[in-house]
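Visitor: The feature active site is assigned by Swiss-Prot to ASP450, ASP467, LYS469.
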Amino acid sequence: MVSKIRTFGWVQNPGKFENLKRVVQVFDRNSKVHNEVKNIKIPTLVKESKIQKELVAIMNQHDLIYTYKELVGTGTSIRSEAPCDAIIQATIADQGNKKGYIDNWSSDGFLRWAHALGFIEYINKSDSFVITDVGLAYSKSADGSAIEKEILIEAISSYPPAIRILTLLEDGQHLTKFDLGKNLGFSGESGFTSLPEGILLDTLANAMPKDKGEIRNNWEGSSDKYARMIGGWLDKLGLVKQGKKEFIIPTLGKPDNKEFISHAFKITGEGLKVLRRAKGSTKFTRVPKRVYWEMLATNLTDKEYVRTRRALILEILIKAGSLKIEQIQDNLKKLGFDEVIETIENDIKGLINTGIFIEIKGRFYQLKDHILQFVIPNRGVTKQLVKSELEEKKSELRHKLKYVPHEYIELIEIARNSTQDRILEMKVMEFFMKVYGYRGKHLGGSRKPDGAIYTVGSPIDYGVIVDTKAYSGGYNLPIGQADEMQRYVEENQTRNKHINPNEWWKVYPSSVTEFKFLFVSGHFKGNYKAQLTRLNHITNCNGAVLSVEELLIGGEMIKAGTLTLEEVRRKFNNGEINF
């Protein structure tokens, strides 16, 4: 059993094919790069004598099999100050060649890329890598040659996420990384997040000019990053064309804004040819796809369980012709995975969104792809795979939510991850507007609440000042955050631009005269009720807290017609809202 649970198949960082080739060539003892790294780069860049000698000795072996640590190395808390201590680090120069080497995080990205395209193979038992036949052919191909490009296109054709991107672009639309990201991978979990494009564009339209570059370049979910990187590779191979996409955004009390998103893509004629071949819809044989157990979940707490469940679903489909969903459920149960049908449907949707062609006809599912053999690690020898409480909760919600899109179940995980604050606030605001039917705006940023929503056409139209918090251990509403909300409530009451020049309260139309405040998080603990009561006494405004689970359940009831926004208004009683 391996000591680490690696994640492969999804790449966010590297984009230069010339650097990818250098990484592959360190596995080819006859390449110039191998000798350069062994004889020049490592002796020059690796300052620790013991590590330097070990790496050179490893590269002198007859059979070049490198461990993950030998390739990627280690890091420090300050990434820019980490010393060079691994083969890939020494193989690629950093941007601007200031240090002469890259860090371990970037090295991991290049390793994943080489593995994703099938140039190297992972040996699970020893946590190591070896070059493949196609990797050796790529290493030996002349730089910039037709053969090199042919090898790259063949490799990308067997990489499911690349084919997924081409499939989404197939009808000729000009799609942004957000359009692509929301339909890529296993939406509904924190490893595959996508920012709501409409809310991002609205934020751009209302942002200060100095902040727009930061929003365009750095505001994205993990799936958006994957889409951006894959789109960049496809662009370099001539399979898609990248070009900015422009939008006209209405803004309150101002002329319409023209905004753009830089990372947007359209398929080319060459791309359509590659896609037709991948689908087996030409005279050529369908290109086999490489799928790895390690790509079937990324950031989940119980990713071993979920990866294995999804891998087994794929194996069941490989062995069968056409199966009903209930038959897949029965087969899974025999293998020790007792799952509701909605979870299996969600997994199959994720496999499709990963780039695997599965045909759905009514209740029948049929795999249309040729999948190369892949390994499901036997990790249950000492540890039985059991669903976590979180996975049980998600499974329960998939069964309950008939009207709410299941992609929003990801809020359950996102709300527990403090690094995902921005995604949480944007997704929550999108949910309030798309599912509940509130009007409003995502605000965020300095001296603004996360969002402002309001009703139109209710018996009593009301507005809500919204603050969201992603917190791992439950949110106790500390006094600092309560004081911040007090400030927003009072700013909305006085509406004095000398106190806050950004005038965020202009979101609310003059017809809205009753206001509430709301905190949204994963779950609440501690003395939050006392803070809500204190805020109510100071501001004479009623508020509440709302867990993301209750947010989802309330949305389901709204869509089912069993709850109205007026009934939601009456639940603001300075406590926790439960539906």
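For all residues, glycine too, the Cβ spot is worked out from N, Cα and C.
Help me picture these features in the structure, burial and contacts included.
Guide: DSSP assigns ASP450 (active site) to coil in the three-state reduction, placing it in neither a helix nor a strand. Within 10 Å of the C-beta atom of ASP450 (active site) sit 24 other C-beta atoms, taking all shown protein chains into account.
Packing around ASP467 (active site) is summarised by its Cβ count: 22 other Cβ atoms lie within 10 angstroms of its Cβ, all protein chains included.
Around LYS469 (active site), the same-chain residues at least 6 positions away in sequence with a Cβ under 8 Å from its Cβ are ASP421, LEU424, TYR475, GLN481, PHE519, VAL520, SER521. In the three-state DSSP scheme, LYS469 (active site) is classed as strand.
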